[in-house]
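*Asks:* The structure is given below, and queries will be raised subsequently.
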Amino acid sequence: CCLMLRRLACLFVRPSSLHSSLSLLSRTMSYKSNPDCLFCKIIAGKIPCNKILETEKSFAFMDIFPCSDGHALVIPKYCAEKLHELPPEEMADVGPTLVKVAKAIGAEDYNILQNNGEIAHQVVKHVHFHIIPKPNKEQGLGVGWPSKEGDKAAIAAKCEQIKGNL
């Protein structure tokens with residue numbers, strides 16, 4: 001509950017952090033948007049943010065409740081709730097934007113986090129990627145990895161099922 005509230009709070013920005021120019025997107029409106037979506041409002045310039053970079057199809061800005069110094073978000077301008085709903089041509093711009101922003105942040109170690117669905121801790125129903133610098137063991141994203149050795153036959157069967165879905 002607290003994590004969800006914290007994530008929701010990350011979406012609101014201080015009025016003093018208005019980005020100075022109109023969004024490329026708000027001028028062209030050549031994307032799928034949702035008037036009720038918080039990130040669509042940020043892209044359109046209706047909610048202020050600390051914008052890092054904007055391209056024709058992606059938008060990067062600072063998280064205002066960062067896990068560590070330099071925590072940023074990269075989002076497609078196209079409003080899709082989950083990654084698999086994002087058209088490939090929209091995603092094609094997000095990858096290079098992630099790389100540019102990650103390099104510009106300058107962190108040697110960092111996590112890229114992208115959640116899909118409420119159970120997976122997605123709060124804003126708009127695809128987004130967190131770039132979270134990990135300067136030391138205490139700061140940044142703490143990740144548990146509860147893995148165990150899997151059944152090889154079950155893994156092979158799942159692999160075939162996935163390949164059949166492609």
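A Cβ is built for glycine as well, from the same backbone N, Cα and C atoms used for every other residue.
If you look up TrEMBL, you'll see 38-141 marked as domain 'HIT'. If you look up TrEMBL, you'll see 126-130 marked as motif 'Histidine triad motif'. The active site, tele-AMP-histidine intermediate annotation in TrEMBL covers H128.
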*Asks:* DSSP says what for the domain 'HIT' (38-141): how many helix, strand, coil residues?
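*Replies:* Summed over the domain 'HIT' (38-141), the classes give 27 helix, 23 strand, 54 coil.
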*Asks:* Give me the non-local Cβ neighbours of H128 (active site, tele-AMP-histidine intermediate): same chain, 6+ apart in sequence, Cβ-Cβ under 8 Å, ordered along the sequence.
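*Replies:* In sequence order, F39, L73, V74, I75, Q114 meet the Cβ cut-off.
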